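Starting off with a structure, shown below.
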Amino acid sequence: MFPAVNEIKVQTWRRDQRGECPRRSAQCRLFSCAHRECAPAARSLENRGPENRTARPEATMSGDVLCNGHSAFHRLLKHSSSRTHEALVVKIIQENKNTPLFCTAPEPRRDSGVNGEFLLNSAELQDEQTLPLHCIHSAADITSSKHRKPARRKVKRSTKRAAESKSPANRKVTDYFPIRRSSRKSKSELKYEEKQHIDTLISNGIEDGMMVRFIEGKGRGVFATQPFQKGQYVVEYHGDLLQITDAKQREALYAQDPSTGCYMYYFQYLSKTYCVDATKESDRLGRLINHSKNGNCQTKLHAIAGKPHLILVASRDIQEGEELLYDYGDRSKSSIEAHPWLKH
């Protein structure tokens, strides 16, 4: 389809070498012929009837044909010696535009003519109006359209929507929750606090959560008055800390008196052997805890300022009212003969 314009200049010519009217002196009915001999014939065709005036182009002395934007293009054909289908090339130049459009339409074959010329009557001209026209842009226009970038439609978004779309990406945890210092403590901090607590209990001699009861046929025993969790500090096995040589001398003295019990506990600390002697009577409860192979407590070393202390911790959860027991670890024959309860 051609764009609607107010006035279009149309130039028509025959595809020959000269581009002139082949009849020269004879009357020519071509609308585009501007020869003086052909002008009367062109004017006679204009006076044929009103039915052809609406679609009839106007001839000018310059060889151009003027037609309005709503009328069809009338093609004027001439027969060549080869009698093949020729194409009529119409050069359309729009007003105020530099890029020309070339339109071609196939030339139908005619079976009759006069002296090699084929003329179109009004009926044929009306039929020719229905023939399609093929528009071809110039080469410069085609190449420029290939390199032309497609235009993008710019859509303005409101600043409020843009802010809302960007806000989720810029959100921080502190926007939802206030900043506060974590109350969780590391494992090393917990161990340090536990050690400080045990140091305080040992240094001050605090022994809570237990009491002494008398057991018939067995003697005194220590019972829990509160539950203890596994690994929790229970009590210190308090006594005199001795080197191995001093401990052996005291043990020989205690052996001379059969009524004296044995409350000496040997252990190693930093590749040295030590002994805690709790034989001397005192109000400390750790020395009164009885022996059992399946006890609920176990011994453990605890150093304060480089000095080892022997303490008892719960080997399992201890309920309130249970007797506190631990394994003495002495399996010698002499000890078992002197104290048969060490077997159990």
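Cβ from N, Cα, C; glycine included.
What Swiss-Prot shows for this protein is this:
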| type | residues | note |
| --- | --- | --- |
| REGION | 143-176 | region 'Disordered' |
| COMPBIAS | 145-160 | compositional bias 'Basic residues' |
| DOMAIN | 208-329 | domain 'SET' |
| BINDING | K218, G219, R220, Y263, N290, H291 | S-adenosyl-L-methionine binding site |
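Distances, neighbours, how buried they are, the whole picture for these features please.
DSSP classifies Y263 (S-adenosyl-L-methionine binding site) as coil under the three-state reduction.
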For the domain 'SET' (208-329), would you mind checking the mean pLDDT of the predicted model?
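Mean per-residue confidence for the domain 'SET' (208-329): 91 out of 100.
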Just counting, how many other CB atoms are there within 10 A of the CB of Y263 (S-adenosyl-L-methionine binding site)?
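I get 17 for this one.
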What number of additional C-beta atoms lies within 10 angstroms of the C-beta atom of N290 (S-adenosyl-L-methionine binding site)?
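Looking across every protein chain shown, the total is 17.
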So what sits near K218 (S-adenosyl-L-methionine binding site) in its own chain, CB-to-CB under 8 Å and at least six residues off in sequence?
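In sequence order, the residues whose Cβ lies under 8 Å from that of K218 (S-adenosyl-L-methionine binding site) (at least 6 apart) are N290.
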Helix, strand or coil: which one is K218 (S-adenosyl-L-methionine binding site) in, per DSSP?
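The residue in question, K218 (S-adenosyl-L-methionine binding site), is coil (DSSP, three-state).
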